[in-house]
Amino acid sequence: MVGSLSMVESSAAASGLEDPMPLSRAAMAPPEVHRVDVPPEISAFQCLKLRLREFLFPDDSFHQFKNQPFLKSLALALQYVFPIFAWGSDYTLSLLKSDVISGITIASLAIPQGISYAKLADLPPIVGLYSSFVPPLIYSALGSSRDLAVGPVSIASLVMGSMLREEVSPNKQPALFLQLAFTATFFAGVFQSSLGLLRLGFIVDFLSKPTLTGFMGGAAVIVSLQQLKGLLGIVHFTTRMGFIPVMQSVFRHEGEWAWQTVVMGLSFLAFLLIARHISLRRQKLFWVSAAAPLTSVILSTILSFVFKAPNHGIKTIGHLQKGLNPPSANMLDFEGTYLSLTIKTGIVTGILALTEGIAVGRTFASLKNYQIDGNKEMIAIGIMNIAGSCASCYVTTGSFSRSAVNYNAGSKTAASNIVMATAVLFTMLFLMPLFYYTPNVILSAIIIAAVIGLIDVKGALRLWKLDKLDFLACMSAFFGVLLISVQMGLAIAVTRPNTVVLGNIPGTNTYRSVAQYREATRMPSFLILGIESPIYFTNSMYVQERILRWAREEEERITKLDENPLKCIILDMAAVTDIDTSGVEVLKELKKILNERSLEASVSYRHYNLKFESLVSNLLDMSEKNDLQLVLVNPVGQVAQKLSQSGTWELFGSDRIFVTIGEAVAASACKVNV
């Protein structure tokens, strides 16, 4: 509101007596209202320059180049783009010793897991080894984490296989399925690196911790259930991912169960779980669980060879091609029927891979008290997937299980990934024939033992104690994966911005959430809502729908309690740090909808007391008296500027935009005669 209004002192205040209803009396008096200023206008070029600098480089990444000579700046630029030059310049034999030990240790885990996860994605087992060779080399040059161990992971493998299998059968069209997997990996890499280059990492943050916990747990259960095919020796098994169809398939084909396979599978599964339990109980024995998968592969292969396991119904991996990764750039398909499928699969698996990789990197960085650059990580993971798609690799990222082993083994730099890749290369060149007799059931046991760690029961119980709604979101994502589909579970895992009802703390001019503060009281005829996030195209429609729902519920509450009708909705926008075009349009649409509803409410509220003639003659007067106002409070500079430039500021009018909630309540109360 332009200018200010003088406050009228109450008679109680004038006499020195305590006013028993200070807020209500203040609301009835003409309030002093401060003007909300729009930031000074700047040119479009200056605005773009400021936005790009703040958006792309909030940490002022180029400060290190200031006042530096050319050669020094060139060296710093190389270190910034390729972190390997930063830690490589100070590399010592002591560091190499630690990295060699950790690299060999994680290789013993990466080799069997790579083969297993490739089968989980319905890809040839050798693709899993290819994906454990090229991507780690690229990450070691571009990544900023010292502890992240790169390779295939279970959840991304599961999602890629399930999404591609919806349209193409890996059994009937294996060549086409492999082609689509490489193409989807390429799109995943493009998406990931684009997020890093454009500093759009907030998209990954839409997967909140509680819902991600539920999603990962549900996906882990589905992955484990899928391994019942190999664990029980079933030949004909469902391709669907839900809990019910999988269990139906298990018991429908009970006649195909092979007791030899079951005995071997359960025995090695027990061995893997015991090894994992030992490592969890004593961290110094981390190598026990790290070596267990490779030990299982070696022992089971020997047993299979000695006792001629294929003759007893135990299926083995068979022939694996020796040699380096063959090029696959010629297999990428950017045209045709399945383009939309590969783009969709790439984006979904890309988001999952980024979420897991960055979360794992940040976890171990905090343990060692160093920082990783999230945007660099996105670029590194994206580029390694782009390059990997051209070298017969599928989606890879940082693995929690391998990174934990890498950390516990004492890794010092990303060189441990180079050592791991070298060990994988040696395996591909010379050891492939040794896997011929490796039983498939061992791969199933390795997968089950690995994904069990993704079921965070303690985390879910902690959510139950801290926040029942977060626990509900966690369980929704869990059962969404378990009973419907992995994609549905992921959709449930996307979070929504929070909106809260605010009330006045008695005796103050402060407004807080009525759910958090029991003493906070709602203001009669007012609905005060706090929006606690930026408003973008991704959540703008949700914000609109949720505000309208709050309004409807408030009107129902008022009717039930026979209180004064709702006259004003106040939106506290202090926490709305940014708003895009879609968000601005939502505010306009909300104002329009509420204005239309106020006219209808005016007719509905008083029609039973008026004759028809009186109703017609006084319609405009009633609309004016019962106008349901939409008022904005404390829009921050950037938001205020966009509201002004879009004409929304003028649409609302300066008398409906306030600095504080208290001023908005006082001024609006005078206008609507509350």
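From the backbone N, Cα and C atoms, a Cβ is placed for every residue, glycine too.
Model, not experiment: these values are computed from the prediction.
The list of residues near the transmembrane segment (176-195) in space but at least 6 beyond its ends in sequence, with Cβ under 8 angstroms from a Cβ of it, reads 121-124, 127, 160, 163-165, 168-170, 201, 203-204, 328, 331-334, 338, 341-343, 345-347, 349-351, 353-354, 378-379, 381-390, 392-395. The transmembrane segment annotation in TrEMBL covers 176-195 (among others).
Here TrEMBL flags 257-274 (among others) as transmembrane segment. Nonlocal intrachain contacts for the transmembrane segment (257-274), taken as residues 6+ away from its ends with a CB within less than 8 angstroms of a stretch CB, comprise 230-234, 289, 292-293, 296, 299-300, 303, 309, 312-315, 439, 441-442, 444-446, 448-449, 452.
Residues or ranges marked as transmembrane segment in TrEMBL: 286-307 (among others). Among residues of the same chain six or more beyond the transmembrane segment (286-307), those with a C-beta under 8 A of the stretch's C-beta atoms are 105-106, 108-109, 111-113, 264, 268, 271-272, 275-276, 278-280, 314, 316, 404-405, 408-409, 434-435, 437-439, 441-442, 445-446, 449-450.
Per TrEMBL, transmembrane segment is recorded for 418-436 (among others).
Per TrEMBL, the feature transmembrane segment maps to 442-464 (among others).
Residues annotated as transmembrane segment in TrEMBL: 471-494 (among others).
According to TrEMBL, the feature domain 'STAS' maps to 516-668.
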Under 8 Å between C-beta atoms and at least six residues away from its ends: which parts of the chain pack against the transmembrane segment (418-436)? 99-100, 102-104, 106-107, 110-111, 114-115, 125-126, 129-130, 132-134, 136-137, 140, 149, 297, 301, 316-324
